[in-house]
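*Asks:* The structure's right below; bear with me while I get my questions together.
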Amino acid sequence: MTVDLAERVRAAVAAVTDPELRRPLGELDMVRDIDVHGTTAAVGIALTIVGCPAADRIERDVRDAAASVAGIDAVDVRVGVMSPDERKALTEKLRGGRAKREMPFGPDSLTRVIAVTSGKGGVGKSTLTANLAVALAARGLRVGLVDADVHGFSIPGLLGLIDADGLPPAPTRIDDLILPPVAYGVKVISIGMFLRRPGADAAGAVAWRGPMLHRTVQQFLTDVFFGDLDVLLLDMPPGTGDVAISVGQLLPHADVLVVTTPQAAASEVAVRSGTVARQTGQRVIGVVENMSAMTLPDGTALDLFGSGGGEAVARALSTEGDDVPLLASVPLSPALRGGGDEGRPVVLTSPDDPASRAIDAAAAVLARNPRGLAGRALRVTPSV
Ligand SMILES: Nc1ncnc2c1ncn2[C@@H]1O[C@H](COP(=O)(O)OP(=O)(O)O)[C@@H](O)[C@H]1O
Ligand SMILES: [Mg+2]
């Protein structure tokens, strides 16, 4: 009778999800001894590391799960820590047999990789990437977001990943496996999370050159445990610099989304960023125009940055047999801007805002299109 009860407690505890690894504790071999005496359950669990930031939450969830079993009135949770060997077994299991340092987003991966790029900065690329990621997650997709704008990282702030000390949270590490913090269902990694030094300011300037940038992006792709993803978005730095070329080499099968404003001058450089991506073998899957005309309360249109840039870029990037669509025109939106400043994405807080609707329409198209090889250009070495 008590054995049976203990088994039921074990099953309940084993089903609790680790908030960071996003797998059931049973699967992670974190459930230890379970003893039931009368109506009291003693539950042993082993965390991956000492001071695991999710410890309180796991302990609470385990307590609740055990207490929910009929016949249990009191729960005593004993929290231990895995031994180095146990941790090694766990990280190997999480890697799914993949060798260390092997990039999980290669051509055979089922994850669709979408690099969001622009010709110049300030066109709203990061704001759109953050909102697109959240919109895709809200549609039920498993979404990862790599902030590849190492010098100008802004994704943590846009997604509210800022601790009480004003800095992005440091990711939990299990040995050499880095767990990406999760915001609004999106697994996020950014250089901003690695710049926590005592006395460092939140801006934490990064003054690295090519090779370091390449290594950073490579590490984000290999050492960060994203688990199985449907979509991995990359917020690229503006232009066609070192990171763009590195990403082109690391992810030649990636899809590319080009962001531009309606302004002619912005659209010319936007075309170039798409062309360079294509030279590495990546496929341009669409253009998003941002900061398009907004409709004022009296019904007039305010087109601060003119019009037509998105259409022009889509046309210029379209080639015979490979039509590049304009996926959305996102209007100027105080709510979009404000949501970014507050770290609360507008697609969630004001889904009816015209900007949210436009972004979600683009997300709907991206969620629908499976990843494919059609129209992919042959890989050549970029000449820029
Ligand atoms: N559609 C929009 N309406 C109003 N403000 C916007 C819009 N898109 C972006 N912004 C604002 O423009 C600035 C630049 O956006 P950001 O996403 O950082 O650009 P990028 O990543 O291209 O440099 C931010 O202050 C952002 O809030
Ligand atoms: Mg940016």
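Cβ coordinates are placed from backbone N, Cα and C, and glycine is handled just like the others.
Annotations for this protein, taken from TrEMBL, read as follows:
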- Gly119, Lys120, Gly121, Gly122, Val123, Gly124, Lys125, Ser126: ATP binding site (BINDING)
- 7-77: domain 'MIP18 family-like' (DOMAIN)
*Asks:* Among the binding-site residues Gly119, Gly121, whose Cβ has the fewest other Cβ atoms within 10 Å?
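*Replies:* Output over binding-site residues Gly119, Gly121: least Cβ neighbours within 10 Å is Gly121.
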*Asks:* Counting by DSSP, what is the helix, strand and coil composition of the domain 'MIP18 family-like' (7-77)?
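*Replies:* So the domain 'MIP18 family-like' (7-77) is made up of 21 helix, 21 strand, 29 coil.
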*Asks:* Of Gly119, Gly122, Val123, Gly124, Lys125, Ser126, which binding-site residues come close to ligand 2, meaning Cβ under 6 Å from one of its atoms?
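*Replies:* What lies within reach of ligand 2, judged by Cβ under 6 Å, is Lys125, Ser126.
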*Asks:* Quick one, of the binding-site residues Gly122, Gly124, which Cβ has the fewest other Cβ within 10 Å?
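*Replies:* With the binding-site residues Gly122, Gly124, fewest surrounding Cβ atoms within 10 Å: Gly122.
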*Asks:* Tell me which of the binding-site residues Lys120, Lys125 sits in the most Cβ-dense spot, judged by other Cβ atoms within 10 Å.
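*Replies:* Of the binding-site residues Lys120, Lys125, the highest Cβ count within 10 Å belongs to Lys125.
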*Asks:* Anything from the binding-site residues Gly119, Lys120, Gly121 with its Cβ under 6 A from ligand 1? List those in sequence order.
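*Replies:* Among Gly119, Lys120, Gly121, near ligand 1: Gly121.
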*Asks:* Just to confirm: which same-chain residues, 6+ apart in sequence, have a Cβ under 8 Å from the Cβ of Val123 (ATP binding site)?
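*Replies:* Spatial neighbours, sequence-distant, of Val123 (ATP binding site): Pro238, Val259, Thr260, Thr261, Ala266, Ala270, Asn290, Met291.
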*Asks:* List, in sequence order, the same-chain residues at least six positions removed whose CB sits under 8 Å from that of Ser126 (ATP binding site)?
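*Replies:* Set apart from Ser126 (ATP binding site) by at least 6 residues yet with Cβ under 8 Å, we have Asp147, Asp149, Ser154, Ile155, Leu158, Asp235.
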*Asks:* Whose Cβ lies within 8 Å of the mean position of the Cβ atoms of Gly119, Lys120, Gly121, Gly122, Val123, Gly124, Lys125, Ser126, the ATP site, other than those residues?
*Replies:* Ser118, Pro238, Val259, Thr261
